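*Asks:* So TrEMBL says this about it:
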ACT_SITE  ASP34  active site, proton acceptor
ACT_SITE  ASP174  active site, proton donor
BINDING   SER7, HIS65, GLY141, PHE142, GLY143, GLY144, ASP174, GLY175, GLY176, GLY196, SER197  substrate binding site
BINDING   HIS32, ASP34, HIS65, ASP174  divalent metal cation binding site
Amino acid sequence: MVELAFSILASDFAHLADEVATAERGGGTIVHVDVMDGHFVPNITLGPPMVKSLRAATTLPLDCHLMIENPDQFIPAFAEAGADMISVHYEACRHLNRSLQLIADHKMLPGVVINPATTVENIVEVLPMVHYVLVMSVNPGFGGQKFLPRSVDRIRHLARLRQEMGLNFRIEVDGGVAHDTVASVVEAGADMLVAGSAVFQKGRTEENARDFLRVAREAEALRSFSA
Ligand SMILES: O=C(CO)[C@H](O)[C@H](O)COP(=O)(O)O
């Protein structure tokens with residue numbers, strides 16, 4: 001079943017617990033947490049203290065997307081704070097296999113992320129050890145960007161590899177995923193849909209989440225029908 005991983009980057013941080021509860025009422029099942037360091041990406045967001053507060057505010061899984069240099073240095077702190085899933089960038093890890101193993105050693109689900117300019121072939125060797133692959137459909141760093149259409153082919157390619165290799169990692173997609181783009185990524189094989197600006201909107205968050213999921217589930221039904 002496809003899931004909405006709502007990105008709190010687009011929420012009102014001053015009312016974070018309420019924002020999360022509202023998105024959950026709309027059907028969101030994963031909290032997507034964008035961690036940015038001002039080096040790997042040109043923006044700064046939040047770190048383990050915020051994850052610790054979120055942990056106390058929700059029982060939903062916390063999916064931490066580390067857009068940071070030297071992620072190994074911070075993986076234990078995110079585990080301690082209560083993260084359930086951590087994804088690290090192929091482009092940020094000198095020893096990707098080691099970083100993914102470190103996440104698993106800390107009892108969290110490991111994910112690998114690829115930027116729009118990175119081809120799927122680069123991560124083939126680590127696919128057997130990941131729980132999910134995050135395909136960036138914008139250049140990381142900011143919410144509210146325009147979806148890059150070539151991402152659909154990259155998701156399709158990954159879904160084909162998953163089948164050929166007999167693996168069952170999940171495919172997450174992040175960036176510009178909204179009511180008008182979500183059907184194409186689901187049709188291509190995505191199962192975890194990150195959405196920030198398409199969901200969080202004062203007074204409309206719950207409704208936005210519900211509408212988003214309705215479109216995604218219709219595309220999922222068509223996908224299983226044509227499989
Ligand atoms: O990782 C991110 C940016 O690096 C965000 O999660 C992503 O862009 C989601 O925001 P939106 O749905 O508004 O595009």
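Numbers here mean position along the shown chain, with the first residue as 1.
Keep in mind that glycine also has a Cβ here, set from the backbone N, Cα and C atoms.
Where in this structure would I find these features, and how exposed are they?
*Replies:* For ASP34 (active site, proton acceptor), applying a Cβ distance below 8 Å and a minimum sequence separation of six or more within one chain yields SER7, ILE8, LEU9, THR45, LEU46, HIS65, MET67, GLY143. ASP34 (active site, proton acceptor) falls within a strand when secondary structure is assigned with DSSP.
Taking all protein chains in view, 27 other C-beta atoms sit within 10 angstroms of the C-beta of ASP174 (active site, proton donor). DSSP assigns ASP174 (active site, proton donor) to a strand segment in the three-state reduction.
In the structure as shown, the Cβ atom of SER7 (substrate binding site) sits within 10 Å of 27 other Cβ atoms.
Taking the Cβ of HIS32 (divalent metal cation binding site) as reference, residues of its chain lying under 8 Å away and at least six apart in sequence are, in sequence order, ALA5, PHE6, SER7, ILE8, LEU9, ASP63, HIS65, ASP174, VAL194, GLY196.
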*Asks:* Considering all pairs of residues in SER7, HIS65, GLY141, PHE142, GLY143, GLY144, ASP174, GLY175, GLY176, GLY196, SER197, annotated in the record as contacting substrate, what is the maximal C-alpha distance expressed in whole angstrom?
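*Replies:* Among the residues the record ties to substrate, max Cα distance equals 17 Å.
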*Asks:* Tell me whether SER7 (substrate binding site) sits in a helix, a strand or coil according to DSSP.
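*Replies:* DSSP assigns SER7 (substrate binding site) to strand.
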*Asks:* Quick check: with HIS32, ASP34, HIS65, ASP174 left out, which same-chain residues have Cβ atoms within 8 Å of the centroid of the divalent metal cation site Cβ atoms?
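*Replies:* Along the chain, the qualifying residues are ALA5, SER7, LEU9, VAL33, ASP63, SER87, LEU134, VAL194, GLY196.
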